[in-house]
Amino acid sequence: MGKGAGRDKYEPTATSEHGTKKKKAKERDMDELKKEISMDDHKLSLDELHRKYGTDLSRGLTTARAAEILARDGPNTLTPPPTTPEWVKFCRQLFGGFSLLLWIGSLLCFLAYGITSVMEGEPNSDNLYLGVVLAAVVIITGCFSYYQEAKSSKIMESFKNMVPQQALVVRNGEKMSINAEGVVVGDLVEVKGGDRIPADLRIISAHGCKVDNSSLTGESEPQTRSPDFSNENPLETRNIAFFSTNCVEGTAVGIVISTGDRTVMGRIASLASGLEGGKTPIAMEIEHFIHLITGVAVFLGVSFFILSLILEYTWLEAVIFLIGIIVANVPEGLLATVTVCLTLTAKRMARKNCLVKNLEAVGTLGSTSTICSDKTGTLTQNRMTVAHMWFDNQIHEADTTENQSGASFDKSSATWLALSRIAGLCNRAVFQANQENVPILKRAVAGDASESALLKCIELCCGSVKEMRERYPKVVEIPFNSTNKYQLSIHKNANAGESRHLLVMKGAPERILDRCDSILIHGKVQPLDEEIKDAFQNAYLELGGLGERVLGFCHLALPDDQFPEGFQFDTDEVNFPVEKLCFVGLMSMIDPPRAAVPDAVGKCRSAGIKVIMVTGDHPITAKAIAKGVGIISDGNETVEDIAARLNIPVSQVNPRDAKACVVHGSDLKDMTSEQLDDILLHHTEIVFARTSPQQKLIIVEGCQRQGAIVAVTGDGVNDSPALKKADIGVAMGIAGSDVSKQAADMILLDDNFASIVTGVEEGRLIFDNLKKSIAYTLTSNIPEITPFLIFIIANIPLPLGTCTILCIDLGTDMVPAISLAYEQAESDIMKRQPRNPKTDKLVNERLISMAYGQIGMIQALGGFFTYFVIMAENGFLPSGLVGIRLQWDDRWINDVEDSYGQQWTFEQRKIVEFTCHTAFFVSIVVVQWADLIICKTRRNSVFQQGMKNKILIFGLFEETALAAFLSYCPGMDVALRMYPLKPTWWFCAFPYSLLIFLYDEIRKLIIRRNPGGWVERETYY
């Protein structure tokens, strides 16, 4: 419904050959897009770049040359995808699936009305009413569904918002600001902190430039950009900046190497908009159900058509019967019931932070068997936090919990005081203004992720960092850069008995240690010997192995005789020591798991759902988080773990021995789909790290090849192709990019993985409850059809009219059917294996046999019993009714005799007949009471389940009140031909109602006592 309706569906295939060619071409294009990005611009020297693009590296392109290229390549914009026109979407709601069945019913009614009006001149207008009502039902529910989904699917508009509006280019040696659309390949472009990158650039010079690539690669840390070629992979090299990512700080100059759809982001956009999502599982279920119902209807219709010809009815009468039976088989109220049930669940999920954009997704989520989850922000808190420190030669654990309820460490050590001072001073991050009342962890910080983690940690442990910085004013600093890999600052020190200047430094641990010759232990300076270096190395490896980002810290008190007050420090010609410093300690940071995630992953496991982590982050970090949240459970080893334990090379380990598996994106690149299938099949716990957007898509397709129903979570633009392809895409509401929200079917308003599990639970519950609603609704079909069949076979007066059937289907049955959507789960639905879409259908043969063959038959008996009682009370005994139909329905015969010889006029006979219709209708309501109560459960006893569902109790009262109103309201005899009943006639169907209840309770008892037995196999739906 809401998913990727591409252009191909609606274009008439002019010639099948032409159509096939187009399809092949489209498939070729999609395969091309799925391939990894290949380019060599990052490997070229500046001279080669100049030759390739003809750009003067100082003067840029000439205006004339830029105009030529613009004419050749077109503007630097993204092509919007072929969108489905709104009227097509609306028509799909009106004529798709179940609606089609009702339309056919409606047309058949008009046809029957037309035939009778030609034959009789003064036709019965029942068929006309029925046709109009059926059409109205379809139109109303169609509008309702369309309105629900009109809020979705505007993918490219959000891509448009990402296009930078202005770009600063150098042309003819002059800087000029132009519209980003006018940027061409070969242009020389300047960017500064705060700008969006206007196209894919090869950087030729940069000063402290960092870009935020998170929307593209999923890396949360800002990435340094410089002219150096640092990696074969263009996505990871330092000298390429990508279209629509943000420059966070610094400046850079680059040559444009691709524009518009040819950029990396453009390729992802084309990939996302070109993908077609398949049919949702619930749409397939409803299709299966329609086939079943239509099969039953046509079978009955044709059988009785032939039978009526054998019974010597005319051709036309037989056709009218055929139409009547097919229409009577259509459950008019069911379309509305299903739509309302799904909407109610969607509303309930919205209260639990799951916003469903596409109603059918509610059902899909329940049948999910694999969840491919992004790591950053979904499984983790999306904020770097200090996790461990190493000082005084031991590792201390910091508190990473969201509410600061975790571990604490000894803060009295003199070394910790020195370490916290360095972390606070050698740090450019600051809290934004006016946040005194906000909890420290929730405060907004200006600065990069690692520095803000240190800032919050020191603020929590040691009080105000702002005051600390005021006590030690900064004199000079050297910011972090990629060549020396450290950051250094010198501060005034007013503490008595200490030197006047304090030098503090932090950076990559091995680089910091190389600059030190002593170490601070328990506040005492000691020489740095081999033993301490080994201890440092072990701590560094241990913290790095936990997937944490480790920084080293050192300081030096500058001697007053060399550096008196007012000394002019020079950072260009460094005139102060940067060697022989005193090492203080390490601090390591990680983006920690969310508190609710391990529990949610555990729930998924017990529900038989496989959780796979797919992330752009490092394998070590990914594996650490996977272990932390339980995606890799305790005791399960990867191939590398087994190799390390047995001390053998990885190549000698049999991959089948390892339950868990961490796959690197570069390995995935060279895998065939068979190898990927092998991994997905034989490993229960899988982590994919360093993956590209195209690979996410390939992983989703791999899972779907195994027959899994896949849910994918993601927040970046890089996730949108996978979100679109998945059976259900789940985007993040807070951190998610607009694009990912458009591609998804569901949005998590709190970005929390645990909300997906709630969604799965709701989805499973609504699937169970829809079964119950459908079973309840279908049962009354039999007491509605059998009167018509007996009317044909036994030639008796019609026991139940068309108007009364409509009053049941669209009146009394609606609220009770919807109330079953509020029913609680019978058992722990999260302890079940996921539903197998091939075998466990929404409506299966067993449900049909229960509703039609068993409960429905008892209901029909109740109705006929009431009919015969009323006829007998009026003088027509059952034996006298058989074969009376032709006389009874002839308006010119006014002397039909009953069993006692009394004569009845046409008018009097019809009043008795319509009273019977009303009584039959009331009997169906009475037996539907019992049906509603037994449909509450499929296995448990009603006494176990209880009557806690208030809506259902209201439904019982509502249908009874409506039946009484229709029977006793003055004027109903004219409007709907319904007549008042004697109170005793209400009780005729009571025994049958009780029989239904007892029959079903005994059936369920046998199922519970004898699981897997014959009764369960034949009757458990």
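Heads up, the Cβ atoms here are built off N, Cα and C, so glycines get one too.
These features come from Swiss-Prot:
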REGION    1-31  region 'Disordered'
TOPO_DOM  6-85  topological domain 'Cytoplasmic'
MOD_RES   SER16  phosphoserine
TRANSMEM  86-106  transmembrane segment
TOPO_DOM  107-129  topological domain 'Extracellular'
TRANSMEM  130-150  transmembrane segment
TOPO_DOM  151-286  topological domain 'Cytoplasmic'
REGION    214-233  region 'Disordered'
TRANSMEM  287-306  transmembrane segment
TOPO_DOM  307-318  topological domain 'Extracellular'
TRANSMEM  319-336  transmembrane segment
TOPO_DOM  337-770  topological domain 'Cytoplasmic'
BINDING   ASP715, ASP719  Mg(2+) binding site
TRANSMEM  771-790  transmembrane segment
TOPO_DOM  791-800  topological domain 'Extracellular'
TRANSMEM  801-821  transmembrane segment
TOPO_DOM  822-841  topological domain 'Cytoplasmic'
TRANSMEM  842-864  transmembrane segment
TOPO_DOM  865-916  topological domain 'Extracellular'
TRANSMEM  917-936  transmembrane segment
TOPO_DOM  937-949  topological domain 'Cytoplasmic'
MOD_RES   SER941  phosphoserine
TRANSMEM  950-968  transmembrane segment
TOPO_DOM  969-983  topological domain 'Extracellular'
TRANSMEM  984-1004  transmembrane segment
TOPO_DOM  1005-1021  topological domain 'Cytoplasmic'
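By the count of Cβ pairs under 8 Å, the stretch nearest in packing to the transmembrane segment (319-336) among 287-306, 771-790, 801-821, 842-864, 984-1004 is 287-306. Each of the binding-site residues ASP715, ASP719 was scored by the number of other CB atoms within 10 A of its CB, and the lowest score belongs to ASP715. Spatially, the transmembrane segment (917-936) is not adjacent to the transmembrane segment (130-150); fewer than three Cβ-Cβ distances between them are under 8 Å for residues at least 6 apart in sequence. Helix first, then strand, then coil: DSSP counts for the region 'Disordered' (214-233) stand at 4 helix, 3 strand, 13 coil. Sequence-distant contacts of SER941 (phosphoserine), defined by Cβ-Cβ distance under 8 angstroms and a gap of at least six in the same chain, are GLU1001, LYS1004, LEU1005, ARG1008. Within its own chain, the topological domain 'Extracellular' (969-983) is flanked in space by residues 801, 803-804, 807, 911, 914-915, 917-919, 921-922, which lie at least six positions past its ends and keep a Cβ under 8 Å from the stretch.
Counting residues per DSSP class in helix, strand and coil order gives 11 helix, 0 strand, 6 coil for the topological domain 'Cytoplasmic' (1005-1021). Between the transmembrane segment (801-821) and the transmembrane segment (950-968), three or more CB pairs separated by 6 or more residues in sequence fall under 8 Å, so the two stretches touch. ASP715 (Mg(2+) binding site) falls within neither a helix nor a strand when secondary structure is assigned with DSSP, and so counts as coil. Residues of the same chain lying 6 or more positions beyond the ends of the topological domain 'Extracellular' (107-129) and with a Cβ under 8 Å from any Cβ of it are 316, 319-320, 323-324, 326-327, 801-803, 806. With a cut-off of 8 Å on Cβ pairs spaced 6 or more residues apart, the transmembrane segment (842-864) and the transmembrane segment (287-306) reach 3 or more such pairs and are scored as touching. For the topological domain 'Extracellular' (969-983), residue counts in helix, strand and coil come to 5 helix, 0 strand, 10 coil, using DSSP. According to DSSP, the secondary structure content of the topological domain 'Extracellular' (107-129) in residues is 18 helix, 0 strand, 5 coil. Across the topological domain 'Extracellular' (791-800), mean pLDDT in this model comes to 90. Counting residues 6+ beyond its ends, the topological domain 'Cytoplasmic' (822-841) has Cβ neighbours under 8 Å at 281, 284-285, 288-289, 344, 366-369, 603, 606-609, 707, 709, 757, 760-761, 764-765, 767-769, 772, 936-940, 945, 948-952 in the same chain.
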